[in-house]
Amino acid sequence: MKPDSIQKYRAFPAVDLKDRTWPDRVIDHSPIWCSVDLRDGNQALPQPMSIEEKLEFFELLCRVGFKQIEIGFPSAADTEFNFCRRLIEENRIPEDVTIQILVQTREHLIRRSFEAINGAKRAIVHIYNSTSPLQRRVTFGDASREEIRDLAIEGTKLVKELVPTVPDTEIVLQYSPESFSDTELDFALECCNEVIEIWQPTPEKKMVINLPDTVQWTTPNIHADMIEWMGRHLNRRDSIDISLHTHNDRGTGTAATELGLMAGADRVEGTLFGNGERTGNLDIINVALNMNSHGIETGLDFSNINELRAVYERVTRMTVGERHPYAGELVFTAFSGSHQDAIKKGLDRRNRELKEQDDLAWGVPYLTIDPQDIGRSYEAIIRINSQSGKGGVAWVLEREHGLELPKTMHPQVGKRIYDMADEQGRELNIDEIREAFYQYFVNVDQPLAVSDYELVHHTVEKGLVDCTASITVNGEEKKIEGQGNGPINAFTHALENAGLKNFQLTDYRSHAVRGGSDANAAAYVQLRHDDGRILWGCGIDASIEMAGLKALVCAANLFSETSS
Ligand SMILES: CC(=O)SCCNC(=O)CCNC(=O)[C@H](O)C(C)(C)COP(=O)(O)OP(=O)(O)OC[C@H]1O[C@@H](n2cnc3c(N)ncnc32)[C@H](O)[C@@H]1OP(=O)(O)O
Ligand SMILES: CC(C)C(=O)C(=O)O
Ligand SMILES: [Mg+2]
């Protein structure tokens, strides 16, 4: 902000609540959830959803498990009205789902809304009027507190009067002092208590008092103070569901909701992926999955977040950002070396420990939840660029290409591959990583190559092997022979007999290559050169013995590539 603009702004007053209790509370159960995607989300779209799109979204919300869904503002436009009628007339509302409609406390709009909901089994009629000093002054043209309070009173009386006009529909009242977030608390309370006393809710027939963070003017702790204060002062508290409706102007919609729940709220309104006015409504997925990550059931099923995201992006024409909590493309991906190292170790260790303990608590560095629990896969967890480390490269080779490199080979391979990413200034995809590994570390056959071999296993002296091999050294073909206590050892002696050995074999591993169509074996040989250098080579071949010889030849050749 420009320095001289600062004078335009004022500090937001704190709430006088010295004995606040919410900071010591923990969230240990789920609230009532209400989706407002089809209303607050929809009203904020450059191109609002068509009826067909709203129908598809409504069904999606039911599948997720929402039991309360604000379906629109039926008195606003024909599309909204007709959508409501279709839901009712085509019996599309599941038995256990209650629709909610929004309307201003204006007579003609309330009457029209009752025409819209007639015949629904149950409906929440959500009335609102703005209450803050700013809105009283600006929107309502210097209206007094009494005039604004009277809007709430008259609106509630009208709703009560219209209830008998929809005899087949159970009506639940919801009242929002809109712009609660910058309304004086005593005035918000006065409006709410007037509504409550007219409606006369009971513990059996509750009503909803929704306290919206319409515009987030201040920090989440003040929001929590306001919620706790209202909860202490509202009449008939046991007959009221206090509802939160946060927006995200300061980027703290989730925090404000979580603190609001600690402050005693019973219910949460929000949208999938936080669609909504300006910076959006609360992202309900975020809060619900945060609860799941602390072991709290929510009744909402986000186990296929990719499907939700696909439908959401299609019907709203919005996009979910790559860093969006839980749903973003990159949120379960690590590029950086130290993260990759820790994640790989965490997942490997967990897989080992699960064999002994099947109720093992989740605990993998950098992953707050198991991505598989919301339908995200492990495949993309680790991606390789110049910030990556050896563990990440080894992970990709293992997970994607079935190659289990020995741990001491990781630095040699990792460096080569992330240096490549650095040179090219971009991420390397999994095929490029495989190609680079094959190019630099597999079956390298210059200057030495082995083209054929024959092994004779001694029957009397068990384990002893004679090896005859055809090799090429700098283009010149040779036959070599040697004996040893295994194929690799015999081949090493054959090289030694031909004066071609300048190393010691220090390690050897092999395994069948997982996945892919080739039934290949991979062997890894580590050699220590006479000058002290230590290098690994890899051999891949249909025959495990040939894979071993090729790995040895490969490692020997790599010495010629690097200077001593
Ligand atoms: C924070 C929120 O998300 S609130 C929800 C907002 N959602 C929407 O607005 C979407 C649907 N709304 C609409 O389509 C239209 O606004 C309608 C159809 C509801 C009303 O349309 P119109 O009456 O033509 O226009 P508009 O909304 O601008 O009306 C504003 C008037 O209503 C008054 N008003 C606004 N809210 C209320 C209220 N709760 N009670 C009484 N009067 C109200 C305003 O003061 C203003 O009065 P004025 O004309 O005397 O200045
Ligand atoms: C209508 C109300 C609840 C609203 O959407 C808001 O205040 O943000
Ligand atoms: Mg809103």
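Glycine residues also receive a Cβ, built from the backbone N, Cα and C atoms like all the rest.
Record features (TrEMBL):
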type	residues	note
DOMAIN	31-306	domain 'Pyruvate carboxyltransferase'
BINDING	ASP40, HIS245, HIS247, ASN281	Mg(2+) binding site
REGION	444-564	region 'Regulatory domain'
Next on the checklist: Quiz question: given the binding-site residues ASP40, HIS247, ASN281, which has the greatest number of C-beta atoms lying within 10 angstroms of its own C-beta?
Outcome noted: ASN281
Checklist entry - So what's the mean pLDDT when you look at the region 'Regulatory domain' (444-564)? => result 92
Checklist outcome for this item: Other than ASP40, HIS245, HIS247, ASN281, the chain contributes near Mg(2+) (Cβ within 8 Å of their centroid) the residues VAL36, PRO212, ASP213, THR214, THR246, GLY253, GLU269, GLY270, THR271, GLY276, GLU277, GLY280, LEU282
Checklist entry - Do you know the DSSP helix, strand and coil residue counts for the region 'Regulatory domain' (444-564)? => result 29 helix, 55 strand, 37 coil
Checklist outcome for this item: Cβ atoms other than its own within 10 Å of the Cβ of HIS245 (Mg(2+) binding site), all chains, total 30
Checklist entry - Taking DSSP three-state, what's ASP40 (Mg(2+) binding site) in: helix, strand or coil? => result helix
